[in-house]
Amino acid sequence: MAATPATAAEGPPQPQPHAPEPGPGSTKRGGEDSRAGRLSFCTKVCYGIGGVPNQIASSATAFYLQLFLLDIAQIPAAQVSLVLFGGKVSGAAADPVAGFFINRSRRTGSGRLMPWVLGCTPFIALAYFFLWFLPPFTSLRGLWYMICYCLFQALATFFQVPYTALTMLLTPCPRERDSATAYRMTVEMAGTLMGATVHGLIVSGAHRPHRCEATVTPGPVTVSASAAHLYCIAAAVVAATYPVCSGLLCLGVKERPDPSAPASGPGLSFLAGLGLTTRHPPYLKLVVSFLFISAAVQVEQSYLVLFCTHASQLHDHAQGLVLTVLVSAVLSTPLWEWVLQHFGKTTSAFGIFVMVPFAILLAAVPTAPVAYVVAFVSGVSIAVSLLLPWSMLPDVVDNFQLRHRYGPGLETIFYSSYVFFTKLSGACALGISTLSLQFSGYKAGACKQAEEVVVTLKVLIGAVPTCMILTGLCILMVGSTPKTPSQDASRRLSLRRRTSYSLA
């Protein structure tokens, strides 16, 4: 459907004054504007470093928190599941709350988003440390870790929402925003790798290698003081990254007001803005498609180690496979940025599909050589699945601003609601998949699981991610791409950035 120019409803066309011919001066000014929108290498790196602490902490909790709560804190499994579920729910619920408060905040000397990042830093560092602290009492440890994990997830959200929304306020140039997003994803993936390795190396002495034996000693194992001490050291190391990286972010990144946002646009409340954004077709297509894709990635990651342990003879390769996935994702992110810049986002989206045949191959042929190849390819696909939505979101915000012409501040609504929906989809996918394990007869701590459990794990590692990825890609590719109304030269110069959402 053809778009109507903004002046069409203002009455009959009026004679326009003669526009001056573009001369050398206008070309020079255009070049100056283009150079003004460029981000330095230092700025991109500092922006990427700002997201490292959350990724390190998330990686450490994903791999080791459940093990810590069961073996070190010795909390009953039912309470552990309640702690993990409550934390995820609090993190998801904090996203719209964060968007509401950040959307209503005023711009200060250091910007509108940066104060939120800096203000959350000391509190999230403390919450993370106490999450791994072993309290002297035993009867209320479940409640202690429930409170700490909920606080950590909520504070991490209040840290992450303004940090990711800062992409819109770094530069008006879409190409530079995509480049900054790629730098952020690369450095964050390196942080994920650091979290899995550094935390694991520190706490490795807290766990003896477990091997199935003919006789098993009943009753809980006494936890040594040194094991709890090692976890405290690892927690302190990770918590220290928050003030260090936040300081580098503040020193190296300058938040600038959006030059293309209509300064005189009407104000919009958070709830009204949320209603408008969730009815915006490009945003709906983006969110719904990546609900399936992100859930597939989370299921694949969560059950990789479990599959290696109980559904194949790959338990000795589990840590190597995890590192292969993470290293592959880190190294392939710059390549996907280049593909995105030169071939478009449609071509980049097909990189997610590469995971599908290899996931099925791993479930069918669970041998070590195949597993390492699948881990490498999965890391490549995971990289583009994480990079692509954050590269598309700024385009969606541009398109929305062009159509509705509201004042600045809506980027936090887009970003917070997107994170909320993806967290909710991941929580539902992992919850349902865990229930399927329970129904199949999974026994925690058992040396050998039933054949039904093995089949269920193969389905979870192969068929489930395949169906989710194919569904998400179909939604992303189907449908017409919104077109930007044509703009005259002066309007285009005032916008100073691309105002279209396009997958091409």
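Glycine is no exception: its Cβ is also placed from the backbone N, Cα and C atoms.
Per TrEMBL, the features are:
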type: COMPBIAS; residues: 1-11; note: compositional bias 'Low complexity'
type: COMPBIAS; residues: 12-23; note: compositional bias 'Pro residues'
type: REGION; residues: 1-35; note: region 'Disordered'
type: TRANSMEM; residues: 113-131; note: transmembrane segment
type: TRANSMEM; residues: 143-166; note: transmembrane segment
type: TRANSMEM; residues: 187-207; note: transmembrane segment
type: TRANSMEM; residues: 227-251; note: transmembrane segment
type: TRANSMEM; residues: 286-306; note: transmembrane segment
type: TRANSMEM; residues: 318-336; note: transmembrane segment
type: TRANSMEM; residues: 348-365; note: transmembrane segment
type: TRANSMEM; residues: 372-393; note: transmembrane segment
type: TRANSMEM; residues: 413-432; note: transmembrane segment
type: TRANSMEM; residues: 453-478; note: transmembrane segment
In the same chain, who gets a Cβ under 8 Å from the transmembrane segment (143-166) while lying at least 6 residues past its ends?
47, 50-51, 54, 57-58, 65, 69, 73, 75, 82-84, 86-88, 90-91, 93-95, 98-99, 102, 113-114, 116-117, 120-121, 123-124, 127-128, 130-131, 135, 137, 249, 253, 255, 390, 411-412, 414-416, 419
Cβ pairs under 8 Å only, please: of the recorded stretches 187-207, 286-306, 372-393, 453-478, which one is richest in them relative to the transmembrane segment (348-365)?
453-478
With a cut-off of 8 Å between Cβ atoms, can you find at least three pairs linking the transmembrane segment (286-306) to the transmembrane segment (187-207)? Only pairs 6 or more residues apart in sequence count.
no
